[in-house]
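Annotated features, as they stand in TrEMBL:
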type     : residues : note
TRANSMEM : 34-57    : transmembrane segment
TRANSMEM : 236-257  : transmembrane segment
TRANSMEM : 263-281  : transmembrane segment
TRANSMEM : 341-359  : transmembrane segment
TRANSMEM : 432-457  : transmembrane segment
TRANSMEM : 478-498  : transmembrane segment
TRANSMEM : 542-565  : transmembrane segment
TRANSMEM : 577-601  : transmembrane segment
TRANSMEM : 617-637  : transmembrane segment
Amino acid sequence: MDRPAGRRDPHGDYGTPQKYDPTFKGPIYDRGCTDIICCVLLVVAIVGYVVVGVVAWTHGDPRKVIHPTDSRGQFCGQQGTPNEKKPFLFYFDIVKCASPLVLLEFQCPTTQICVSKCPDRYMTYLAAYGNAAALEYYRNFCSPEFKNPLKGPVEVLRDKECPAMLIPSTPLARRCFPAIQAKKGVIMVGNETTYDDGQGRRRNVTELLEGAKQANVVLEARQLAMKIFEDYTVSWYWIIIGLVIAMVASLIFIVLLRFLAGIMVWVMIVMVILVLGYGIFHCYMEYAKLKGEAGSDVSLTDLGFQTDLRVYLHLRQTWLAFREWPSFPGVGAVGHVMSSLLFPLCTFFLLCLCIAYWASTAVFLSTSNEAVYKVFNESACPFSGHTCKPETFNTSNVTKLCPDAQCLFAFYGGETAYHKYLIVLQFFNVFMFFWLANFVIALGQVTLAGAFASYYWAFKKPDDMPAFPLFSAFGRALRYHTGSLAFGSLVLAIVQVIRVTLEYLDHRLKAAENKFAKFLLSCLKCCFWCLEKFIKFLNRNAYIMIAIYGTNFCTSARNAFFLLMRNIIRVAVLDKVTDFLFFLGKLLIVGSVGILAFFFFTHRIKLVQDTAPPLNYYWVPILTVIVGSYLIAHGFFSVYGMCVDTLFLCFLEDLERNDGSAEKPYFMSQNLRKLLKKTNKGQPEAGVGKIRTVDDSALNPRGDDDDDEFVTVPVPPLGCDR
């Protein structure tokens, strides 16, 4: 029938609605391979990634990250070497060390040797030269080349065989740093404010502080990391127990949501209010208890960074921040495909493999450089900064033109093509991590979509369903649609790599004064964040169409997008309903398990007070349990969310394909037909009744309890974003 003149076709901009097809019975089994070129690209990229990993593992040496390196590029404390019993690195003149980057990554322009212990007293070589006992102690801090004790002190100091002075030092991250302390606001080293530099001059110890103060911050952070590691070693099994509790709670929640969705919504709202209420109350009590105590009113800004994080718990501002935070944020198909609840474990395992391969390859790449030696000179020298070889340096022309020049280990690098393109290989490593991680997630989504679509389009549920819908969908995805999954994950990976690059540039430009560049960078970050969210939404729905129809990625994305745009109101409403439901569930599980972990690890449960392990920082296992609980809850709810999205697209297609007549009956459940006031004409309603489906429970979470034992809401069933 022709449209009246002047009336716009509501579907004209978003394609044509689906037509009735008597042969369509759900996911198509007679399908072919899609996006073959992308499949080939993925295989080639994976082969190249394996080659990069093998090359990195061949050239890399992670010991360079663990052990400090002396001026000859030898590791301190490495077993099977002359430095096996010398774990600490000693600097001849630490005053020449200006920044932690020079100290920890490259080298200071001063000789460094491995020693068995750090010096514990002030001493100069000139003073020790006339004393046999003092000279014997001093030789522990001389270079291995120092063989002749009768050599004059002038020659020894000229040849840099021994340091001019020793300073009381303490080991930090296996490096000897001045034992700096402050007494009544006065900086001292070894109870002295000045020291003899070995050349007859008295110098202020603050000069030593300039060479080590920034490095101390970095090294104290390493100490903090070691304490955190110790906490993990004594609490790991309790953390696992907490995560198991979160997993069981998530599973119980999903099961109860299927049968008692309406009641569960109210239970979640009440429980979330109680959990957040207790958090606010506890923080307020701690805040009030510190009122009037000395030092409790110091601001976090004035206190600065402290490695002993328990100091912050004695500040009122800390508990004020904690108190305000919690108040800031304002299923039948699963029952028939129960194996879908365990499928996130497979996805999680594959993601762990991707992370492990990426991390190990990154470490080996960053440590696969060769030792590079350069000429260091305190005075002007034309060869300063040039590469050199320690074996032949003393006989070269450099020592004749620059008598005080030294050939010292500078950093790990190389002159080969492999070493020149290490940064490119690191970039490729990051890119492949994003691509493979997104591919694994896409594989999980299309597998779940195929299984749930098989359920929806089964007219007699569950009799018409395949025997193993999840495994069938998984096999179809790998056999026919690896290329399409690679296509979608490739597009997303490119955007994510661009976002990482923008974050890196933003970090580098923090100290810059160019406001226009900062503004432009902020705009780009915002635009690419929005683009990533849109691509994730588009990919998710495209994978559903791929699972059902077996079309290529672009066709599936277009059809899914047009289908959703033809039902945009339903999409928007159901999106908010399901997101709110899942948000409450995650919040309830994470909050409950987090509070339980807090009481346990802070020894506040009397029954198990002596069981909880002693910790340096009790927040370490607590935060681990909270983050792990969220990931577990997210994994379970992602299955439910994918179920809702898949069934919603199927529901929209059902409305477009069928009209409820005897020739074109609806596939939706009886309860959903009642809600929409639609019927299958010519068929008794009991024929499809008494079937538990997630269409009603997931799309309509109010809890009406009619003869289908399902829940409805007084709005049309609507879809969610994803």
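Glycine residues also receive a Cβ, built from the backbone N, Cα and C atoms like all the rest.
Remember, TrEMBL labels are computer predictions, not curated facts.
Quantities reported herein were computed from a predicted structural model and do not represent experimental measurements.
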Distant-in-sequence neighbours of the transmembrane segment (617-637), which means Cβ under 8 A and at least six residues beyond its ends: 227-228, 231-232, 235, 238-239, 242-243, 246-247, 249-251, 253-254, 309-310, 341, 344-345, 347-348, 582, 585-586, 589-590, 593-594, 597-598, 601-602
Recorded stretch, among 34-57, 341-359, 542-565, 577-601, maximising Cβ pairs under 8 Å relative to the transmembrane segment (236-257): 577-601
Residues from the same chain, set at least six apart from the ends of the transmembrane segment (542-565), whose C-beta lies under 8 A from its own: 13-15, 18, 26-28, 31-32, 34-35, 38, 442, 445-447, 449-450, 453, 473, 476-477, 480-481, 483-485, 487-488, 571, 645-646, 649-650, 652-653, 656, 719
Cβ-Cβ under 8 Å with the transmembrane segment (432-457): same-chain residues at least 6 beyond its ends: 24-27, 42, 45-46, 49, 333, 336-337, 340, 343-344, 346-347, 350-351, 354-355, 357-358, 465-466, 469-470, 472-474, 476-478, 481, 485-486, 488-490, 492-493, 496-497, 539-540, 543-544, 546-548, 639, 642-643, 645-647, 650-651, 654, 667, 693-695
Chain residues outside the transmembrane segment (34-57) and at least six past its termini with a C-beta under 8 angstroms from it: 357, 360-361, 364-365, 368, 418, 425, 428-429, 432, 435-436, 439, 480-484, 486-487, 490, 546, 550-553
